[in-house]
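What TrEMBL records for this protein:
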- 12, 13, 14, 17, 102, 103, 104: UDP-N-acetyl-alpha-D-galactosamine binding site (BINDING)
- 102, 104: Mn(2+) binding site (BINDING)
- 194: active site, nucleophile (ACT_SITE)
Ligand SMILES: CC(=O)N[C@H]1[C@@H](OP(=O)(O)OP(=O)(O)OC[C@H]2O[C@@H](n3ccc(=O)[nH]c3=O)[C@H](O)[C@@H]2O)O[C@H](CO)[C@H](O)[C@@H]1O
Ligand SMILES: [Mn+2]
């Protein structure tokens, strides 16, 4: 492992979610891939509102303007298509690895090169103690996100996934195609792109799983077995930050 590896990191901050970006970036500079060449790709409808955060040497940030879709489900799901396109157009030349992260998040401890692998997914902190039957996969066979009751290993959270650029490219391309096919059939999977991500990972197994230490949710009381929280979803007022109920 050399320090010259470039790690693309996609972050969407559309509409009111722009308010989360400053804290995300400040805490990322303290804990995320410290010492590595991180390239943040910020996708936003308000480029002028991107906060100025001092980056460590060798790290850079670029901003791409994206439309604000009217429903949060669409803002969230269309990330697959936008990431796929960005990889095709330029990221494939600019990075070795790519990690796609939610913005309503904060780093608290090291999230370092131990997460690098071919295809990486994070176990959803609500489901790590649960049985497969309780996973909230899409269960309607008509959907391209369908997972039968006897399939699936873990329920993954869509707020963080990544890996080698070419492997993440295949994932985003497949999820995008399946999201579009569902839409053409008037279907929206139970948890939008998270359902499609989960379906993809049932049949294309991730090569590394991140434990809930790497993907916590601040609404859950920290259990005693969880010694360290490294990255967590902050508590947000969904009705207030989202475009639609
Ligand atoms: C606990 C829970 O309910 N989890 C679901 C919810 O996650 P989340 O509540 O984590 O979704 P979210 O509201 O954080 O949206 C995902 C990401 O999309 C971006 N974004 C979203 C909306 C917006 O107006 N502007 C914007 O920039 C932003 O980067 C955000 O972090 O929704 C996801 C997306 O469908 C999945 O279904 C999750 O399972
Ligand atoms: Mn989120």
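These residue numbers are counts, starting from 1, taken along the chain as shown.
Glycine is treated like the rest: Cβ placed from N, Cα and C.
Here the features listed in TrEMBL are painted onto the structure.
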| residue | record | Cβ contacts under 8 Å, 6 or more apart |
| --- | --- | --- |
| 12 | UDP-N-acetyl-alpha-D-galactosamine binding site | 42, 43, 44, 66, 75, 79, 82, 102, 103 |
| 13 | UDP-N-acetyl-alpha-D-galactosamine binding site | 20, 21, 42, 43, 44, 46, 50, 103 |
| 14 | UDP-N-acetyl-alpha-D-galactosamine binding site | 43, 44, 45, 66, 68, 69, 75 |
| 17 | UDP-N-acetyl-alpha-D-galactosamine binding site | 103, 104, 241 |
| 194 | active site, nucleophile | 156, 157, 158 |
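Selection of the binding-site residues 14, 102, 104 by a Cβ distance under 6 Å from ligand 2 yields, in sequence order, 102, 104. Surrounding the centroid of the Cβ atoms of 12, 13, 14, 17, 102, 103, 104, where the record places UDP-N-acetyl-alpha-D-galactosamine, the chain contributes additional residues within 8 Å, namely 11, 18, 20, 21.
The secondary structure of residue 103 (UDP-N-acetyl-alpha-D-galactosamine binding site), as reduced to three states from DSSP, is coil rather than helix or strand.
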